[in-house]
Amino acid sequence: MFDQHLCSLVSQCGNWAPWRKSSEYLDYGQSFHCLYRRSNGTKLNAVPYKSLSRWSVVGVFFEIAKSFYIWFSKTSKKMFCRYVVVKEIPITHHVKEGSEKADQSHFVLLKVLGQGSFGKVFLVRKITPPDANQLYAMKVLKKATLKVRDRVRTKMERDILADVHHPFVVRLHYAFQTEGKLYLILDFLRGGDLFTRLSKEVMFTEEDVKFYLAELALGLDHLHSLGIIYRDLKPENILLDEEGHIKLTDFGLSKEAIDHEKKAYSFCGTVEYMAPEVVNRQGHSHSADWWSYGVLMFEMLTGSLPFQGKDRKETMTLILKAKLGMPQFLSNEAQGLLRSLFKRNPTNRLGSGVEGAEEIKRHPFFSTIDWNKLYRRDMSPPFKPAVTQPDDTYYFDTEFTSRTPKDSPGIPPSAGAHQLFRGFSFVAPVLVEEDAKKTSISFSMVIIDPSEEIEILRRYGQHPNIITLKDVYEEGNSIYLVTELMRGGELLDRILRQKFFSEREANLVLLTVCKTVEYLHSQGVVHRDLKPSNILYVDESGNPESIRICDFGFAKQLRAENGLLMTPCYTANFVAPEVLKRQGYDEGCDIWSLGILVYTMLAGYTPFANGPGDTPEEILARIGSGKFTLRGGNWNTVSDSAKDLVSRMLHVDPHRRLTAKQVLQHEWITNRDLLPQSQLNRQDVHLVKGAMAATYSALNSSKPTPQLQPIKSSILAQRRVKKLPSTTL
């Protein structure tokens, strides 16, 4: 079988093709590659016909999954090519029996999710059976705006997605085309992309990074097992589903290895993530993905890229020659993995051996990962997007979601494009219909201004004694938070109305609450509003285990001046002393609030307010003096260790108060079995609650409400703003 059009293209360049060492592919017209061989190894600037033997194999042209081997005939001085199928995906195999091919009339546009260099991505709803009402992401590309190479890549993306089925790779459900456009119907992943989360938090903890890298390793391993090199690994191409698991997307630059050494030679991808062998065009294999994997790991752990110059050329030079600056705050295991991945010789790089990803999986950094459990998606992600509504787009940029979704008519492409996209249509073999299931579970909902509260609840809400965020709705300038319903009511209400309450019961309450606060402080989070009305019971049992800390509206996550998210292993090197001093002050405020709680539980009344009628000035003056009584009433029977603990928790100097860890180590906590079990007397519940409310009203009267900045103002987003394409459909 001969392709006359291809032969014509090859003939046009056959006399002037530059010499390259044998086995290297050269790029012509962004559509095919030529390979020239010389028996004596002489380097020539051109390869004339006469220097070739009668039937020399002089080139190979790869278009998607097809190969065209080109021969030169010395007798006729012509080039011929033979069409050879390397790997063809039979479309009929993917059409489910009883299903019809889709077209754009089967979908209703709901929102714009994003915009790239060649088109838009819409949130759509299917309106025809068998999957009516199912939501999908619809990627729309204009044929006329695609160069020849980009058309090839689009077809490649469609073929790869149709052939790959893996829990950590996005699923293709339909593909179809019109005269002017191409449509890919994909999973709608409500968690957005990893880039958006990284833009907000700038850097992740090692535990978060370990989870994402582990799932990513399984996804890449599957692609490599199919002979596919991904070649465009970056946070923008890693999506999060509603559970928080990752899915790889955007296979436009992926390629099936194409020569006998299983190498590809195209110069493609985002330059900061390119492996050295991609930069210098020596030919690259799947090991190039593991270099990009290392770049992604470095970026997630530090908030910066390992090799980045002032321009593209300098960045490429750094990739080829610069010494890696290893952050010393990283664990030894993390540093070891990075060094193993950043090997400029790809044969020495971890993951490049015959065992592939198994080398990665055995590394000590992943010692806590159960790979079988991870593959089954049985491991809990570190971050669960706070979405439950099927069409929630909270994690997508409002720059796009605020636009009116419109799929404008496409300009018909060149005649050659029709042949290129023949067989583009596709229907997934299994169409999964997810019916909305109504449950009898009740939730509570509050209206708030956007703040750091959402981010903290998403990250730490899986702790058993922190309220769980179920859903988030956005309406204008307000955000509605849906949380689990606290049926047991406020802590103080239950304690003051409890028939029997002793010092030992108070001990168990403080133990539960202080353990939770110690966990938050260890993660660099301060609550700053730990009044009893923000500590509730999830049920009517009254058990300390059912206590939940709520309302993180004043909470703060420790960050450095550059916005980096701080956890203990980063603090010493990256947080300015004044920031640490402020953090210590805020932690002291949390301990002071717990001291107020303990005092009230033991005494039956509050330490600094006599009732709701006290003025803020009176209350603040008493607090500032640091004087409170530990005599009379219940204090006559309360243990001395309790009095000591309260005194040290309510110290007027926040830096001299006990830390949460020290509270848990105090003898009153550790020797609870020795505490008295006699009934503690209490004042009228309304009087005590009124005094408590007056205390915190005085304290919080001047606190400003924190505001979140747009994602585009983050350092990470600003770093890439010049790379964001602008395309109109």
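Cβ from N, Cα, C; glycine included.
Taken from TrEMBL, the feature active site, proton acceptor applies to D232 (among others).
The active site, proton acceptor annotation in TrEMBL covers D529 (among others).
DSSP gives V121 (ATP binding site) a strand state. Residue density at V121 (ATP binding site): 21 other Cβ atoms are found within 10 A of its Cβ, drawing on all protein chains shown. Here TrEMBL flags L113, G114, Q115, G116, S117, F118, G119, K120, V121, K139 as ATP binding site.
Taken from TrEMBL, the feature domain 'Protein kinase' applies to 107-366 (among others).
What TrEMBL lists as domain 'AGC-kinase C-terminal' is 367-436. Computed over the domain 'AGC-kinase C-terminal' (367-436), the whole-number mean pLDDT of the model equals 63.
The feature domain 'Protein kinase' is assigned by TrEMBL to 398-669 (among others).
Per Cα geometry, L113 is the residue among the binding-site residues L113, Q115, V121 nearest to D529 (active site, proton acceptor).
Under DSSP, L113 (ATP binding site) is assigned to a strand (E or B) in the three-state scheme. Note on D232 (active site, proton acceptor): other Cβ atoms within 10 Å of its Cβ, all shown chains, come to 21. Here the C-alpha separation of D232 (active site, proton acceptor) and Q115 (ATP binding site) works out to 17 Å.
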